[in-house]
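Undergrad: Can you read through this structure? Questions will come right after.
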Amino acid sequence: MSAASLYPVRPEVAATTLTDEATYKAMYQQSVVNPDGFWREQAQRLDWIKPFSVVKQTSFDDHRVDIKWFADGTLNVAYNCLDRHLAERGDTIAIIWEGDDPSEHREITYRELHEEVCKFANALRGQDVHRGDVVTIYMPMIPEAVVAMLACARIGAIHSVVFGGFSPEALAGRIIDCSSKVVITADEGLRGGKKTALKANVDRALTNPETSSVQKVIVCKRTGGEIEWNRHRDIWYHALLEVASSTCAPKEMGAEESLFILYTSGSTGKPKGVLHTTAGYLLYAALTHERVFDYKPGEIYWCTADVGWVTGHSYIVYGPLANGATTLLFEGVPNYPDITRVSKIIDKHKVNILYTAPTAIRAMMAEGTKSVEGADGSSLRLLGSVGEPINPEAWGWYYNTVGKQNCPIVDTWWQTETGGILISPLPGATALKPGSATRPFFGVIPALVDNLGNLIEGAAEGNLVILDSWPGQSRTLYGDHDRFVDTYFKTFRGMYFTGDGARRDEDGYYWITGRVDDVLNVSGHRMGTAEIESAMVAHPKVAEAAVVGVPHDLKGQGIYVYVTLNAGEEPSDALRTELRNWVRKEIGPIASPDFIQWAPGLPKTRSGKIMRRILRKIATAEYDALGDISTLADPGVVQHLIETHKSMSAA
């Protein structure tokens with residue numbers, strides 16, 4: 001390994017860090033040798049109503065997968081994120097909200113946030129929402145979205161946040177799956193100067209007869225735009241708050257009671273409702289937030305994710321607020337009104353820690369130094385990356401141009417299902433290698449296995465698995481425990497299968513190589529190929545579709561679709577555009593195909609399985625690396641696809 005690619009821990013970071021290398025090694029060792037003792041001690045960072053006596057009861061045996069942490073303890077998540085901070089830091093800023101328009105921002109103290117959460121919790125109770133009921137939150141990035149999440153947690157309701165970029169059809173599917181009782185939305189969202197019709201999307205979603213579980217729609221006024229109103233069903237958020245009491249006792253919740261459901265893409269098409277519970281999740285989010293970001297009281301922390309994704313749940317809301325941090329909530333996008341927006345926000349709010357995605361970094365990098373022109377940036381102390389592996393080139397640009405070579409980068413690897421960061425450098429303990437997620441967090445035991453499930457030792461490449469449970473782990477898929485077991489524990493028995501491939505180097509550092517299943521990673525967001533294929537095939541002119549990921553300069557992975565049309569249908573540029581718009585409507589803009597190639601037939605095995613491996617190679621013009629195609633039902637299809645791809649590339 002060349003010395004140039006290693007960035008040792010900076011002495012000034014090591015001097016002030018919460019976790020230096022010796023501490024990391026000692027704590028990690030204890031966490032894997034004596035998990036009960038380690039997590040019993042760490043759990044003291046939470047305020048318990050009834051202390052737990054048992055720490056860890058977990059089994060990865062695929063006949064009885066069962067995950068419980070601190071099972072007999074009770075507590076309340078909202079109390080841990082709000083009430084317990086009031087005496088010491090009630091007047092500390094909890095949330096800095098930065099609007100889409102740079103002229104708009106708000107600062108909300110812990111005391112103010114606590115009051116609004118209590119009022120809205122009472123308002124929800126007034127709408128017959130109680131412990132165990134599911135509430136769908138389909139909101140822009142405004143403080144009321146965080147209020148809604150914490151209000152649910154306060155009364156023991158389960159929230160299901162759906163990203164505001166999802167279509168009415170996708171929203172309806174996520175409402176139906178969890179029999180949601182109430183939907184909370186806004187009249188419109190604002191993002192990059194454009195309005196999104198959130199309330200209209202909810203109205204459309206609720207025309208689906210299977211969404212009849214929804215009794216009320218609570219609407220927050222964001223733009224004041226024209227919306228349709230159903231006076232039997234719709235209620236204004238502000239009207240509810242005006243009459244609500246600001247006193248609301250937090251509900252005593254069991255450690256293993258449900259906190260939230262978050263839908264993530266699966267390889268079979270139907271989105272999976274990942275279920276997280278109360279104590280283990282909160283403890284893990286708080287501990288990882290403190291240690292990975294080396295968070296110190298009074299610092300300004302900005303995670304650029306959307307609350308509709310797990311990163312927003314764990315590292316905008318629950319982790320930072322449990323730690324009494326100041327968390328920045330940004331409504332807009334990194335390039336609006338122009339590409340300097342991120343640096344301007346950093347300077348305006350004196351941001352110390354920036355946690356963003358490689359997609360945003362690549363978008364800024366594409367503009368050279370323009371994105372940091374006129375910026376000071378001296379408040380920054382630490383940079384983070386999340387959502388997909390960051391390529392070394394983007395890492396170097398982020399380190400040199402945004403961090404001015406003064407800020408360590410924590411390149412974090414984790415998933416919706418893991419609740420929090422599993423593999424990441426700790427800034428005061430880990431020498432950095434651009435592109436590597438480096439070492440496991442406390443209590444996390446990663447391993448590599450071959451395709452037969454045999455453990456591979458030393459420097460090697462293989463399937464990434466985790467050998468034992470950690471408190472932030474998802475407990476099940478909502479209403480479908482069999483699918484949970486099949487997806488994560490059947491492939492490699494007795495292990496949690498991440499769906500990712502990884503390489504381990506001679507220093508024991510992990511390098512994530514990408515998905516090994518049929519899931520794409522577009523701009524840091526997971527999307528199942530089956531979900532896009534299903535949407536495409538639902539179009540009346542399409543007979544069959546196959547989706548593969550291809551490298552994309554900005555998004556990381558682009559969406560490449562092979563389409564077979566029904567007999568009698570003619571391919572055309574107009575139809576290409578129509579199909580793109582169709583997928584946008586079915587799933588959302590995020591799933592819009594980057595490339596559509598017409599395919600008279602697809603390469604299939606004799607059993608009818610589409611050979612995606614071949615399609616991936618053709619899409620990236622690796623025509624000589626197709627491997628053995630003699631087993632295909634019709635090998636002639638391949639040459640035709642290659643010719644079409646060549647003519648597309650030439651055009």
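Each residue, glycine too, has its Cβ placed from N, Cα and C.
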Undergrad: Let me know which member of ARG381, ARG493, ARG526 Swiss-Prot also records as binding ATP at the site of GLY387, GLU388, PRO389, ASP411, THR412, TRP413, TRP414, GLN415, THR416, ASP500, ARG515.
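TA: Checking ARG381, ARG493, ARG526 against Swiss-Prot: the ATP site match is ARG526.
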Undergrad: May I ask which of the binding-site residues ARG191, GLY193, HIS539 is closest to GLY387 (ATP binding site) if we compare their C-alpha atoms?
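TA: That would be ARG191, nearest by Cα distance.
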Undergrad: Closest of the binding-site residues to ARG515 (ATP binding site), Cα to Cα, picking from LYS194, THR311, ASN335, SER523, VAL537?
TA: SER523
Undergrad: Across the listed CoA-binding residues, ARG191, GLY192, GLY193, LYS194, THR311, ASN335, SER523, ARG584, what is the farthest Cα to Cα distance, given in whole Å?
TA: 24
Undergrad: Taking Cα atoms as reference points, rank the binding-site residues TRP414, HIS539, VAL542 by distance from LYS194 (CoA binding site) and give the first.
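TA: The answer is HIS539.
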Undergrad: At the level of the C-alpha atoms, what whole-angstrom distance separates THR311 (CoA binding site) and HIS539 (Mg(2+) binding site)?
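TA: Rounded to the nearest whole number, the Cα-Cα distance is 33 Å.
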Undergrad: What are the sequence-distant neighbours of THR416 (ATP binding site), meaning same chain, six or more residues apart, C-beta distance under 8 angstroms?
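TA: Non-local contacts for THR416 (ATP binding site): LEU262, THR264, VAL274, TRP309, VAL310, SER474, ARG526.
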Undergrad: Let me make sure I understand the structure: which of the binding-site residues listed (GLY192, GLY387, PRO389) has the fewest other Cβ atoms within 10 A of its Cβ?
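TA: If we count Cβ atoms within 10 Å for the binding-site residues GLY192, GLY387, PRO389, the smallest count is at GLY192.
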